[in-house]
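Let me begin by presenting the structure, written as structure tokens, before commenting on it.
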Amino acid sequence: MATTSAPVLNGLSSSFLTGGKKNQALLGAPLAARVGGAATPKRFIVVAAAAAKKSWLPGVRAGGNLVDPEWLDGSLPGDYGFDPLGLGKDPAFLKWYREAELIHGRWAMTAVVGIFVGQAWSGIPWFEAGADPGAIAPFSFGSLLGTQLLLMGWVESKRWVDFFDPDSQSVEWATPWSKTAENFVNFTGEQGYPGGKFFDPLSLAGTLKDGVYIPDTEKLERLKVAEIKHARLAMLAMLIFYFEAGQGKTPLGALGL
């Protein structure tokens, strides 16, 4: 696994993708070197692993790494030891796969809601909405595609660089408006869970005190597990929607609605 992962990791850490030689050096350096000699603690302590490691096959003791992979210790939210292909053996890949799962899951949850609401509102199947003459399209396809590429390109590039160099995108030069830099600060210290007034406006995982966002460890841990469970269900739902679309069916039609 180590020999095969080396070229991929070298590609991920190229100067083009990580924002230059400085960030590339930071990526390859240990944590202590990145922060000036001593690893700084996070803003709050995250429980490393549950006392009793949960399993995706409760009650089954045999099976070795198929049932209880040694490289999964239960510390990740929603970790039930399911990794039959051994994709998470390499810690670097495990971190990247979790980031990918989280982002894809969030998009899937948004898409599922959009598909149901869109068809319920317009009566047009989601896979035909863009081509329907009655569809609301104030922009041409070219304008929409260009805007999408620009906006998503900017956001995704910032997320990409921040993955390799955490907190690098909260500085003034990394944002188009200097006054918004504080909105991009990672208040929780957790990759993928920035929190703050900008990313947690309802304070579901924290509290606001005198205008300052304070993360709540217990709330955040509970919501992380709930989110990843819903994200996985949404990704499976989207897969089913694609198969249904191939047969000319819709989710609402399958439900008889």
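Cβ from N, Cα, C; glycine included.
A TrEMBL annotation is a machine prediction, not a hand-curated record.
Record features (TrEMBL):
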type	residues	note
BINDING	Glu101, His104, Glu227, Arg232	chlorophyll a binding site
BINDING	Arg106	chlorophyll b binding site
Enumerate same-chain residues with a sequence separation of six or more from Arg232 (chlorophyll a binding site) and a Cβ-Cβ distance below 8 A; give 'none' if the list is empty.
Gly78, Glu101, Gly105
Sequence gap of 6 or more, C-beta under 8 Å: which same-chain residues meet both conditions with respect to His104 (chlorophyll a binding site)?
Ala231, Met235
Taking the center of the Cβ atoms of Glu101, His104, Glu227, Arg232 at the recorded chlorophyll a site, which other residues in this chain have a Cβ no more than 8 Å from that point?
Leu102, Ile103, Gly105, Arg106, Ala108, Ile228, Ala231, Ala234, Met235
Looking at chlorophyll a and its recorded binding residues Glu101, His104, Glu227, Arg232, figure out the farthest C-alpha pair and report it in angstrom, whole number.
12
Among all the protein chains here, how many other CB atoms are within 10 A of the CB of Glu227 (chlorophyll a binding site)?
19
To the nearest Å, how far is the Cα of Glu227 (chlorophyll a binding site) from the Cα of the residue listed as 'chlorophyll b binding site'?
8
Cβ neighbours within the same chain of Arg106 (chlorophyll b binding site) - under 8 Å, at least six residues apart:
Glu227, Ala231
